[in-house]
Number of protein chains: 2
Amino acid sequence: MAKTDWKAEAKTLKKKLSKLKAKDAAPAKPAKMVSPLAPAGFPALPVIGGVEYAAVEAGVRYSNRKDVMLIRLAPGTAVAGVFTRSSTRAACVLDCQAKLAGKVDAAAGAAIVVNSGNSNAFTGAVGVEAVEAVTGAVAKALDLPASRVFSSSTGVIGEPLPYEKITAKIPDLVKDLREDGIEMAARAMMTTDTFAKGASAVVHGDGGEIRIAGIAKGSGMIAPDMATMLVYIFTDAKISAVNLQKMLSRQVDDTFNAITVDSDTSTSDALILAATGQSPAAEIALRSRVAKDFEAALKAVMLDLAHQVVRDGEGATKFVEVKVTGAASPEDAHRVAMAIANSPLVKTAIAGQDPNWGRVVMAVGKSGAQADRDKLTIRFGDVLVAEKGWRSPDYSEEKAAAYMQRDELVIAVDLGLGKAAKSVWTCDLTHRYIDINADYRS
Amino acid sequence: MAKTDWKAEAKTLKKKLSKLKAKDAAPAKPAKMVSPLAPAGFPALPVIGGVEYAAVEAGVRYSNRKDVMLIRLAPGTAVAGVFTRSSTRAACVLDCQAKLAGKVDAAAGAAIVVNSGNSNAFTGAVGVEAVEAVTGAVAKALDLPASRVFSSSTGVIGEPLPYEKITAKIPDLVKDLREDGIEMAARAMMTTDTFAKGASAVVHGDGGEIRIAGIAKGSGMIAPDMATMLVYIFTDAKISAVNLQKMLSRQVDDTFNAITVDSDTSTSDALILAATGQSPAAEIALRSRVAKDFEAALKAVMLDLAHQVVRDGEGATKFVEVKVTGAASPEDAHRVAMAIANSPLVKTAIAGQDPNWGRVVMAVGKSGAQADRDKLTIRFGDVLVAEKGWRSPDYSEEKAAAYMQRDELVIAVDLGLGKAAKSVWTCDLTHRYIDINADYRS
């Protein structure tokens, strides 16, 4: 037997010990790492004629990163929007809503200005002043009516927005506007997002291509506040503002209103859709083949961005579709799907990779929707779990447990009552969610 | 310099390493400890004439502990009940509801039989059989009509209840019935509750004392399932079943329906209130002074038990009252209070001892209740945080942060719109909640 080299052994052990100690000392602090559910990278997005982007470091709250972005929309751009229904929504949201509801002169062009680091929410009269100052300064610099400048703010709540830091940078922003700057704009509005989110589509119009490109932020935290979601989608389609708004409103329920990270609704959620009309294709006529294709493509872009928001959900390790079929009405289907997707017990079971279908039954029961225990069918992916009011005789716990190890899961519930169906998308509830949100703000 | 004894050094390091490794390997397993919010001990509860308790080890799921309890109620006992509104409620709940809705012969007496370890929920036709077998066996042993035997089950979902284990023990239970066994009964229905819950009151009736004593279980987990809550309250009052039910139904909204641990509703929640009529006091007449006192005392017992359930909330370290005033309607007040109490972002902030009032504003906004941002007033205890749509000029972050260190907190929101007010009680959302619920069941 060879003699043990105790010195070498001690060295190795010392190294191991110091590694383990380091790991032990820093368990809870959330590292700034990319979500395990993130796509490989930011996608290549098409240039949309008539849309230019710029971003600067204004130091609103963060240092050493761009935190204000400006988007110029060419004259003739139609603008549509949907916003949070929160009764405590931020001043910039109220301002956008008022401007979109008013008489609009599309010929003038438009602009969007967004800052991260401060949400300008619950800031009373000074919040309104800040919105007027920022949008007024952009309007002046770009020679637009103030009624055509839309703004968003995302970040800490209840702190006055240091708007002079933003207005001081507007000349720089205007100078830097360029057609290929969409990724930079997406990055400037990130808070604790772990990746920038983009999606696109191309539709064959009459006489040419119609392009759609969109960016989103959500749902990270840093200050922390609630998970705010901001979405901007651009297209070169020729389409009236009225028709654009109709399509957007029709598709929002099955896309952005069908995702949930933690059931908490932001004061700042905003989605603006702008159509510049610069595609060579003819104007999109209502009920045409192109209108149908365009709306489908728009929905695909919206859904893609919505899914990316869930994939960046705080602490998320699983991307989950909750698919409800056989409901008495679409409202019931949505209600059941949301009850499952928002249940802390379902979400912690998913985090624990536990096929805990009893909690799914519980969530169906509490949803308030019409449901008959004895007609329920529950599947985890392809694994039939329960049917006719009880665990399926063919149920294999091993198969279900193996399925739950995946990153992407489908929980399917058939209520056995009608034909309505809805899906929602969510993520799991993990220790990192607590780490991120139980941290003191300072 | 002395020569290093590398062998001894390696040994010491090895020991340290193995200790640290062991610590690292078992961080998440929740220890079975008593909640830091638990009362000092089980209270001394008065004997209620006409109520006897027994408990046995039946081995339904747990070993080495009593897991089935029986309560006999003397002839003449009026029974009232409230139950979960879940559409997937358990067979025993449906059975209790049917029995209480039917024609009742109070002269016959009644009984309650409860097991822990298995909830007999979502168990289809065999679940119904199990309820019939257990209640039938108790009825036979106590010479009662089966329609006067009420049962509850709490524990794992979707597993057939091994009811023969229960029926085999009924002779032992009947033999052991005694008037001073209420704490034992409370312990037998615990699942992962960390303490047994009891409360009592005495009312001065016409001609003698009227006593009330109650026990509850919730909201621990072990198997795990959803947090089930079972409550049994006894009184020796002479009162009709109709009046008893009226009082119970009137008080349930402001007591048990005003608490939330995690927003998930059980399939098995049940509250049974039994009045034996054995007090020397005269029958309680409607709208009398005694009726008023009795209902107030009943409410106090219900609220005390409800608070104990929150104090035993999974992973709880803070007991929180959310107090909403100035609402346009009681429904709105309740809606706002529940939106705050159920918000994962509010609950994680409380866990982090962070006076994050922005999240309270967010929760008000998402509640769906009528609210005006500029009329909101928010207080953490005595600390005025926000008023008139913004942080109060007198707000002191230090004072608020110091307040949040306490175990018991009051978050008060005045909506400034009307006169309606409601309180709800909740706890914080901590890592232990994740530990308890993300654990695989096996």
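Cβ coordinates come from backbone N, Cα and C, glycine included.
All TrEMBL annotations are machine predictions without curation.
Annotated features in TrEMBL:
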ACT_SITE  B:THR228  active site, nucleophile
BINDING   B:THR191, B:LYS217, B:THR228, B:GLU314, B:ASN437, B:SER442  substrate binding site
Tell me the Cβ neighbour count for B:GLU314 (substrate binding site), meaning other Cβ atoms within 10 Å of its Cβ, over all protein chains shown. 28
What three-state class does DSSP give B:LYS217 (substrate binding site)? strand
What subset of the binding-site residues B:THR191, B:LYS217, B:GLU314, B:ASN437 has a Cβ positioned less than 8 Å from a Cβ of chain A? B:ASN437
Go through B:THR191, B:ASN437, our binding-site residues, and report the one whose Cβ sees the most other Cβ atoms within 10 Å. B:ASN437
Does DSSP give B:ASN437 (substrate binding site) helix, strand or coil? helix
I'd like the Cβ neighbour count for B:LYS217 (substrate binding site), meaning other Cβ atoms within 10 Å of its Cβ, all protein chains included. 29
